[in-house]
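Going by Swiss-Prot, these are the annotated features:
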- ASP52, ASP54, SER56, PHE58, GLU60, GLU63: Ca(2+) 1 binding site (BINDING)
- ASP91, ASP93, ASP95, LYS97, GLU102: Ca(2+) 2 binding site (BINDING)
- 39-74: domain 'EF-hand 1' (DOMAIN)
- 78-110: domain 'EF-hand 2' (DOMAIN)
- SER2: N-acetylserine (MOD_RES)
- SER2: phosphoserine (MOD_RES)
- SER8: phosphoserine (MOD_RES)
- SER24: phosphoserine (MOD_RES)
Amino acid sequence: MSMTDLLSAEDIKKAIGAFAAADSFDHKKFFQMVGLKKKTPDDVKKVFHILDKDKSGFIEEDELGFILKGFSSDARDLSAKETKTLLAAGDKDGDGKIGVEEFSTLVSES
């Protein structure tokens with residue numbers, strides 16, 4: 001399954017473009033722009049599994065740095081600062097990674 005099976009390619013392109021500048025990433029606005037906020041909980045979990053590149057059941061800090069590439073292969077990497085900010089927002093239990101429930105909460109709070 002690919003991201004465009006779940007989200008509009010046009011919405012993804014617009015959202016990636018909106019955060020093309022370094023240190024401009026805002027996960028709340030991004031999740032809204034790609035249409036993730038409007039998706040069912042099941043679809044949000046499918047997106048999580050696409051972003052969980054190593055299939056560990058978690059999105060670790062190194063995977064978070066490449067989160068935009070999970071939506072579009074030509075997107076930029078997040079900066080270290082953006083990655084830490086995203087991790088802090090999503091890692092509710094403080095284990096240094098984001099699980100599927102934490103990701104679902106992160107999306108629903110956006």
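For all residues, glycine too, the Cβ spot is worked out from N, Cα and C.
A Cβ within 8 Å of the Cβ centre of ASP91, ASP93, ASP95, LYS97, GLU102, the residues given for Ca(2+) 2, is found for these other residues of the same chain: PHE58, GLY90, LYS92, GLY94, GLY96, ILE98, GLY99. Long-range C-beta contacts of LYS97 (Ca(2+) 2 binding site), restricted to its own chain and to partners at least six residues apart, with a cutoff below 8 Å, comprise PHE58, ILE59, GLU60, GLU61, LEU87, ASP91. Tertiary neighbourhood of the domain 'EF-hand 2' (78-110): same-chain residues 22-23, 25, 27-29, 31-32, 36-37, 39, 41, 44-45, 48-49, 51, 57-61, 64-68, selected by CB-CB distance under 8 Å and a gap of 6+ residues from either end.
ASP52 (Ca(2+) 1 binding site) and ASP95 (Ca(2+) 2 binding site) have their C-alpha atoms 16 Å apart, to the nearest angstrom.
Annotation for GLU102 (Ca(2+) 2 binding site): same-chain Cβ neighbours under 8 Å, separated by at least 6 residues, are GLY90, ASP91, LYS92, ASP93.
Take the Cα of SER56 (Ca(2+) 1 binding site) and measure to each of the recorded positions SER2, SER24, ASP95: the nearest one is ASP95.
LYS97 (Ca(2+) 2 binding site) carries a strand DSSP state (E or B).
Nearest Cα neighbour of ASP95 (Ca(2+) 2 binding site) among the listed recorded positions (SER2, SER8, SER24, ASP54, GLU63): GLU63. For GLU63 (Ca(2+) 1 binding site), the Cβ neighbour count at a 10 Å cut-off comes to 19, with all displayed protein chains included. Packing around SER2 (N-acetylserine) is summarised by its Cβ count: 8 other Cβ atoms lie within 10 angstroms of its Cβ, all protein chains included.
Rounded to the nearest whole angstrom, the C-alpha distance between SER8 (phosphoserine) and SER24 (phosphoserine) is 22.
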